[in-house]
């Protein structure tokens, strides 16, 4: 008769967190002899779906702690640190600008930064999933995911501009040096030939190269006449998208390795550029202008507004990126220390980049014998017009141009990676079936972003770019962070949130942090009246008359005052 002899072997349990999860029985046919089958069964712990003590699936974590820190630093330190902060500092009292900047950093920037890191690490989910702590606020999570997606539509275009310039720099003579190119207009004039650089009818070769050779603005007369995508910028954009995909497709295991290059390269290049910049004639005058202290400027409300706005946007709070990154941390990771380190590095980088920028601006000012005000500007005009023009006058200009635009690429890539990771993590955590198809879903997100971004690389693409830049992540981010802070501090509760942090790192946040989360940070976000007021009413803001914050209480009208107090 048929019979089966079975031997049972039980594997010893390992002292890991996964031993309390379900087990699998592995049945192995050993041999068959004379009608007798020998089989072996082994009780094993399933490896594909690791579980934690609560029975939930274990989450992927960063390969190394430094991977997480570099990812956060790489996201927070972006192009704005180079093209925005130094100009704001110069325009708003030099060294005196650091007073409101550091003040808002301490009372709002760091607390909000710390809050998002702790929120993501404790709940181990993306921007939408973390709101299982208070489901009514889940819409805020989807809002920040959508904002990050919108930003990707145009932020990747900036990186493609930098790549276009990088490719154009591999030449004996940089193409933005002279006015004898096919794209130049009769208005093109070298600095040396231009008696008044403020003449609105004149344009430098570098300016026309950016506007006419790169953007081709002259071939479109408005947003209703975009034209077709230009193949040069489209190709650069495609390369950017490919880089993003292969940086993100495997999750933090791949992105954590990429940031070793993208997050550290800008510091190397900034240091090299500073060493070169300080040797240029006029560089010291530029640095002195950058650091000149004018405390009288602190009496101007606009200085405080711009400091508050810069803090809010430069740290990257409200995009869901910090939540996504920290959700891959180990549960016991010291997120408090991480928040202090990374936010401080972000601010120090902004300050350090000012020396690099103004050493070259001082050089340009002296070389062309014009006031520093004539060459100092912020935004794309600094890194795609003024800086390339300064580099073009140096010996070995092509080499310096390559170095500079590699820095811009790395500054942009890791920030773009952070925005994409916010979208991907937020959605796959909310829709669990996407976990098994992360690579395909990542491909879908980056391709969709590429297709929308094509509108920004047409002849009239600058109109679409400007539209997205002004409305994708302005007031919406401030509102999102405000509701996020209110949801955690007032609905979920500061005490409960503090208990969560104590469970992770072993001690509760101090009273200072709890007060900031509950009162100071929300009030800080409402101070930014200037950012949510129509431009036609900005004169009312300057006078402290903010219509949005007028509330009638017991027949007394309270006007939110822009100077930080409340006027009855």
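Glycine residues also receive a Cβ, built from the backbone N, Cα and C atoms like all the rest.
Residues 304-325 are the range that TrEMBL records as transmembrane segment, among 304-325, 370-391, 502-523, 524-545. Annotated by TrEMBL as transmembrane segment, the relevant range among 98-119, 186-207, 208-229 is 98-119. Away from its own ends, the transmembrane segment (440-465) comes close to residues 149, 152-154, 156-157, 160, 215-217, 219-223, 225-230, 233-234, 237-238, 241, 244-245, 248-249, 420, 423-424, 427-428, 434 of its chain (Cβ-Cβ under 8 Å, at least six residues beyond either end). Look at the Cβ of each of the recorded positions 77, 179, 188, 411 and count the other Cβ atoms within 10 Å; the largest number goes with 411. Cα spacing between residue 179 (disulfide bond) and residue 74 (Na(+) binding site): 37 Å, rounded to the nearest whole number. With a cut-off of 8 Å between Cβ atoms, the residues of this chain six or more beyond the transmembrane segment (471-494) that come close are 112, 115-116, 119, 131, 133-134, 136-137, 140, 143-144, 147, 150-151, 153-154, 312-313, 317-319, 514, 517-518, 521-522, 525-526, 528, 531-532. The stretch with the most CB contacts under 8 Å to the transmembrane segment (231-248), chosen from 68-86, 98-119, 140-167, 304-325, is 140-167.
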